[in-house]
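As annotated by Swiss-Prot, N-acetylalanine applies to Ala2. If you look up Swiss-Prot, you'll see 9-16, 109-116 marked as ATP binding site, on the strength of similarity to another entry. Summarising the annotation, Swiss-Prot assigns N6-acetyllysine to Lys165 and lists similarity to another entry as the type of evidence.
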Amino acid sequence: MARHVFLTGPPGVGKTTLIQKATEVLKSSGMPVDGFYTEEVRQGGRRIGFDVVTLSGIRGPLSRIGSEPLPGKRECRVGQYVVDLTSFEQLALPVLRNAGASGRPGQSICVIDEVGKMELFSQPFIQAVRQVLSIPGTVVLGTIPVPKGKPLALVEEIRTRKDVKVFSVTKENRNHLLPEIVTHMQSSRK
């Protein structure tokens, strides 16, 4: 049976909301859960970027709408957003590196929301995700984008792993998926 669960679907369909709800249910049933999710940042009703938020409540910028790049400075951009790699790595990497640190098999769940274009500018993040997926005692609950344009190597690698179950989230099924996701996560730990 697939051990890890990844949600996929178009932007704004409710992947992060489902992750947050599943996390609450799993935590309240006594499972150790750690990780991070991404959240829109809005100003005056307009999206200006994304924050990365750890499950322990630490928040930092992932990206913001950018102005012109500074001369000579290499900038990581996705569309109009400039990615703050330093901030992202300071928050996400320690969480991923601590995954499975309890050392007891089947004892931890690691939330990775998301493995997407912005996050994949970070080579250490790519390595850390691969490592977490291979730790025997760790189950990953994550999100990946819908394939469009040029394939993202790590996303395709995750999508095709034998130990990963991918749920496609749609407006039609998003309100019914939670019990299935939670049940799968709980049975993956046994």
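Every residue, even glycine, has its Cβ placed from backbone N, Cα and C.
Structure coloured by features recorded in Swiss-Prot.
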residue : record           : Cβ contacts under 8 Å, 6 or more apart
Ala2    : N-acetylalanine  : Lys162, Asp163, Val164, Lys165, His184, Ser188
Gly9    : ATP binding site : Lys15, Val146, Ser168, Val169, Thr170, Arg174
Pro11   : ATP binding site : Pro145
Val13   : ATP binding site : Val169, Thr170, Lys171, Arg174
Val111  : ATP binding site : Ile19, Thr23, Val33, Asp34, Gly35, Phe36, Tyr37, Leu55, Val140, Leu141, Gly142
Asp113  : ATP binding site : Lys15, Thr16, Ile19, Gly35, Phe36, Tyr37, Thr38, Gly142, Thr143
Val115  : ATP binding site : Phe6, Val129, Gly142, Thr143, Ile144, Leu154, Val155, Ile158
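Taking every protein chain shown into account, Lys15, Lys165 are the recorded positions, and of these the Cβ with the most other Cβ atoms within 10 Å belongs to Lys15.
Cβ contacts within 10 Å of Ile109 (ATP binding site), excluding its own Cβ and spanning all protein chains shown: 26.
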